[in-house]
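Asks: Quick one: the structure is below, and I'll ask about it shortly.
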Amino acid sequence: MKKLAHYLVLCAIALLCVFPFWWTLVTAVSTEGNVFAFPPTFWPKAPSLDNFAEVFRVIPLLTFFRNSVFIAACTVLWKLVLCSMAAYPLARMRFRGRKLVFGLILATLVLPSEVNFLVNFITVTKLSLVDTYTGVILPNVVTAVAILLLKQAFEEVPQDLIDAARVDGASEWTIFTRIMLPLIAPWLATVGILTAVEAWNEYIWPSIVMSKPDEFPLSVGVLYLRGTFGSSTRVIAAGTILTILPTLAAFLFAQRFFMRGMDGAVK
Amino acid sequence: MSRHTLAAWLFLTPALLVLAVFSFWPVGFGSYLAFTDYSLIRPTHWVGLDNFRYIFENEMFVTGLRNSVVFLLMVPFVQVGALALAVLVNNQLPGIRLFRAAFYVPVVTTVSVVGIMWGFMFHEQGALNYVLLLFRLVDAPVGWLSHDGIALFAIMFVTMWRGLGWYMVMYLAALQAVPADMQEAAILDGANRWQRFWKITVPMLRPTIAVCTILSVLAALKAYQEVDVLTQGGPMNSTFTALYYAYDQGLKHLKLPRALAASFIVSLLCIGIALLCLRWLKPKHR
């Protein structure tokens, strides 16, 4: 009885979370009516994929898609390289200025980064990076959170391994690339997946930097649908679904990375 | 200089360069520009507090600032809701992972898509009004996004909808770190569920509650993306938030100094409130 009540509450909240997605999907596969039909349709009648075909026909969706993949892939790659490089000495080396550097990185957590975009826009303009993917990607490739996570990972590697390599005369770079990085691979995967979803979903910054529709990522391009189709909400809904699908697939595939510790802690 | 020092700096330099250009520079340079008449075409002059005077005499910014403060109302709802949700999913019932996933899906959805979906939901002939009319909770369709007294709350709701799952995961991780033997000891002492929650779980979660509350307060003060995709500040400027004003002035009207003055105020507010929260929520000495 108690269990039943528990499930009912869970279902009610889940419905609230998932319903907008469901309704958009139903609209996207409907062949007539639209979102604003009264009463609205909550179950598809005669579903078809026509609206999706219409999206592909009118909007360069594949181009948007490719742009998003490119931006996400580059952001992930550069973030993993730069942040792991920064995290390694912070975790495993003693050097002068270590505390200061670490403090500065922590400070970026407290500073409200949302207010940076105005000056970053000036910077990107001055560096002639407007309308380039470098301009979209570069400001996002180093984050304090990634450095902190990877620092934690490096700290867990046994000191013996490093000492042994040093005795063998390995350079710091060799130790880093041959020993440390492979050992923290699961953490690199975690940071990589989180970054990929973040980069895929980023909306404001790319819409500031990019002005040519052909270069838009999906997150920005999807709003373009709204302008083009105006009242044809079925097509807008189809475009919306196409935008969500990759993130949703990635999320379901990598669920345990997103909710790290949620399953493992009950030992 | 030790062997390590050089290597360490070589490893750190690329990341620090990026941080310097895109995190530290904007804070410093932006604060300076807020006191000037900067534009991309003219030489820059120091104008003192002129920009601040302008924005505070400007109705839109003042409305925005007030709305940003109103936005803080969502903090207790999000935090209590997320904690309750975490408690609800913190067990081994069959299918629980499916629920966890459902609650987290809004978090990984881009704000532009959220804007489109909730635009549909909130439409006068949308699903929300339909359901409310069906159950006779309202007599006439509500203009969720078109009524100037309601739109801001509709946006707050969407922000909550998007944030709940994120905080839920934070609380869930913390809940699972509460040692089971403490709960068992309390059960032996005859403490009921409710007592155990307040006397053991909540004190153990205190650091997490503190961090999440601060993050949530800061997120509320910095809300602007949802405004952009849902109402763009309308109807009748009723959904301008302080940071959306900065975004609107800076990038749509290219009045950068005014925009920077506005974001300077938001920054001050954020830092001030973060410090206050830290003091309030610091674990008490036992």
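Glycine residues also receive a Cβ, built from the backbone N, Cα and C atoms like all the rest.
A TrEMBL annotation is a machine prediction, not a hand-curated record.
This is the feature table in TrEMBL:
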type     : residues  : note
DOMAIN   : A:65-254  : domain 'ABC transmembrane type-1'
TRANSMEM : A:69-88   : transmembrane segment
TRANSMEM : A:100-124 : transmembrane segment
TRANSMEM : A:136-154 : transmembrane segment
TRANSMEM : A:175-197 : transmembrane segment
TRANSMEM : A:235-254 : transmembrane segment
Asks: Looking at A:69-88, A:136-154, A:175-197, A:235-254, which one has the highest count of Cβ pairs under 8 angstroms to the transmembrane segment (A:100-124)?
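Replies: Going through each listed stretch, the top one turns out to be A:136-154.
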Asks: Would you mind listing the long-range same-chain contacts of the transmembrane segment (A:175-197), meaning Cβ under 8 Å and 6+ residues beyond its ends?
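Replies: Cβ under 8 Å, 6 or more out: 72-73, 75-76, 79-80, 83-85, 88, 92, 146, 149-150, 152-154, 156-157, 161-162, 165-166, 247, 250-251, 254, 257-258, 260.
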Asks: Below 8 angstroms Cβ to Cβ, which residues of this chain, lying six or more residues outside the transmembrane segment (A:235-254), approach it?
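Replies: Sequence-distant neighbours of the transmembrane segment (A:235-254): 21, 24-25, 27-29, 35, 51-52, 54-55, 58-59, 61, 65, 68, 193, 196-197, 200-201, 218-219, 222, 225-226, 229.
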